[in-house]
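**Student:** I'd like to ask some things about the structure below.
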Amino acid sequence: MKSINDDGSTQDLDPQSDHSSDYLAHPNSNPQPHPHTRRPRGFAAAASATTNSVAKGKKEREKEKERTKLRERHRRAITSRMLAGLRQYGNFPLPARADMNDVLAALAREAGWVVDADGTTYRQCPPPSNMGSFAAKSVESQLSGGSLRNCSVKETIENQTSVLRIDECLSPASIDSVVIAERDSRNEKYTNASPINTVDCLEADQLMQDIHSGVHENDFTGTPYVPVYVKLPAGIINKFCQLIDPEGIREELMHMKSLNVDGVVVDCWWGIVEGWSSQKYVWSGYRELFNIVRNFKLKLQVVMAFHECGGNDSSDALISLPQWVLDIGKENQDIFFTDREGRRNTECLSWGIDKERVLKGRTGIEVYFDMMRSFRTEFDDLFAEGLIYAVEVGLGASGELKYPSFSERMGWRYPGIGEFQCYDKYLQHSLRKAAKLRGHSFWARGPDNAGHYNSMPHETGFFCERGDYDNYYGRFFLHWYSQTLIDHADNVLSLATLAFEETKIIVKVPAVYWWYKTPSHAAELTAGYHNPTNQDGYYPVFEVLRKHGVTLKFVCLGFHLSSQEANESLIDPEGLSWQVLNSAWDRGLMAGGENALLCYDREGYKRLVDMAKPRNDPDHRHFSFFVYQQPSLLQANVCLSELDFFVKCMHGEMTDP
């Protein structure tokens, strides 16, 4: 209903509207007309519509990006759980960064198929009942033309026809049944024969495969030459930088020379060289030792050891950090790594003070650089004559690039997951700064459900399957934690390359292999490597190493782990070694190795040689050196004949009888 106003305009008197109700309540009053926004016309209208459509389109694209990210994250999570299940319950040897091709190949191999590197897939020949040993130097593993000549033409044509029919019509699952049915109808004696291999072909083909697998398995003659260095014991120089037993050292070096090793590795301990006063370096004991090494014409690898000796090692020697540093630590305990309960670890300095002037006016990296520069100046003559072959720079606990998350003095026992070491005030300040920069200040804390040193991943809310390690906060914290490790390596190596120009620099990377088969890789996370199943945590570390042109040294296991131990802690040393070494080699890094501190038998030595010189590497990559660790070659538990075998295999001069 409408009414006519005094000015001739009409007014809506719909009872449902607010305007009509006001009019009915005050019939004698003139209601004020409501202002209306003027609609743009012409060019202004077109521009406004264009702006709105662009903004709306941009907003939709952003939403679609987020939806795509969520779908991809969901897909990765499903793939991660599938791969973890295959590794854990199916014992499938999947690579660390497996994709669906790797899964298909593993399933095909489990079903009895052979899958080559280029994807060629075929049935495997049966093992022969009686096969003698044959001597040969080089045999191709593929079926040769000569062996095919032994096949009858009729049988070959018949088998090729069946192969074509199978390839065109059947799925992989049905292929298996058809092939089995066809070969059983022809000859029931060979239960695993391939359709391309008739009875006449089997013996020749299998013969070549046996020769390839048997003769070359223990033949290291002609393989690449890998230099071998023997590490000298830690206690040969006392805390006053004096060589304890020169004659014993000479006798040990004489044994090394007889074994034809290439050189020795010597730890130069910060706690000895600068042990009593800041910036007062004593090198006298090391000068005497290096002169003895020079007389035997052995090369030197020197370790800049900025950590404590005797904390987690089996060595009897105890070499602490410099006394003046420990005195500072009594007043300011935050210069040391700290766990969640506030316990301090004096094994090495916290990376939080790398750029804090808390060490008598110097920062952490300045202290490291001053010692490296003093060493380079003191032994300039040995660098000039090439006696010092390389310098290893210690970057963390045990000289390795890692947090001290597995400290036995804190109660850790293998295979515990360890604890995060980020609770000193300097690292906490860094965490708060990173959280504020991210826009989530409440993330400035360590995880409160990560368990303790000896927890198992499934016992914690952070490391368990689908745990907090993979939510938004968990990924933020772990990225910051690992980035702190990377930044420390970058800062120290920047100065190390200045101190040791034109000298090979080595960095030791730990082998944290326990809990590797779990989705979270909990032990690696607490050590500082953000390497869960769905992410490569070694890539950013190796990028920094490549930036400075350093050589990687990786700890190798030469002993065989029991199935019970493997099942309890879901270990995978082979998978970890494969990931680390291939990731390093793919980025152009040179890699070396070092054995764990144990005495090995011949089988253990051969496993080390196989790791140093992988047989199946298509690019023929291998270690650039190997460091053999043993308390002393003069001890009764060291078998010199076995060590001689190991050195000759590394040098490519030995065939195992």
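Placement of Cβ uses the backbone N, Cα and C atoms for every residue, glycine included.
Given the structure is predicted, the values throughout are model-derived calculations rather than measurements.
So TrEMBL lists the following for this protein:
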| type | residues | note |
| --- | --- | --- |
| ACT_SITE | Glu400 | active site, proton donor |
| ACT_SITE | Glu594 | active site, proton acceptor |
| COMPBIAS | 1-14 | compositional bias 'Polar residues' |
| COMPBIAS | 44-55 | compositional bias 'Low complexity' |
| COMPBIAS | 57-69 | compositional bias 'Basic and acidic residues' |
| DOMAIN | 55-202 | domain 'BES1/BZR1 plant transcription factor N-terminal' |
| REGION | 1-72 | region 'Disordered' |
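Are these features on the surface or tucked inside, and what are their neighbours?
**Tutor:** Long-range Cβ proximity for Glu400 (active site, proton donor), meaning a same-chain Cβ under 8 A and a gap of 6 or more residues, is found for Gly394, Lys508, Val509, Pro510, Val555.
For Glu594 (active site, proton acceptor), the count of additional Cβ atoms within 10 Å of its Cβ stands at 23 [all protein chains shown].
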**Student:** In the compositional bias 'Basic and acidic residues' (57-69), how many residues does DSSP assign to helix, to strand and to coil?
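**Tutor:** Residue counts for the compositional bias 'Basic and acidic residues' (57-69) by secondary structure: 13 helix, 0 strand, 0 coil.
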**Student:** Averaging the per-residue pLDDT over the domain 'BES1/BZR1 plant transcription factor N-terminal' (55-202), what integer do you get?
**Tutor:** 56
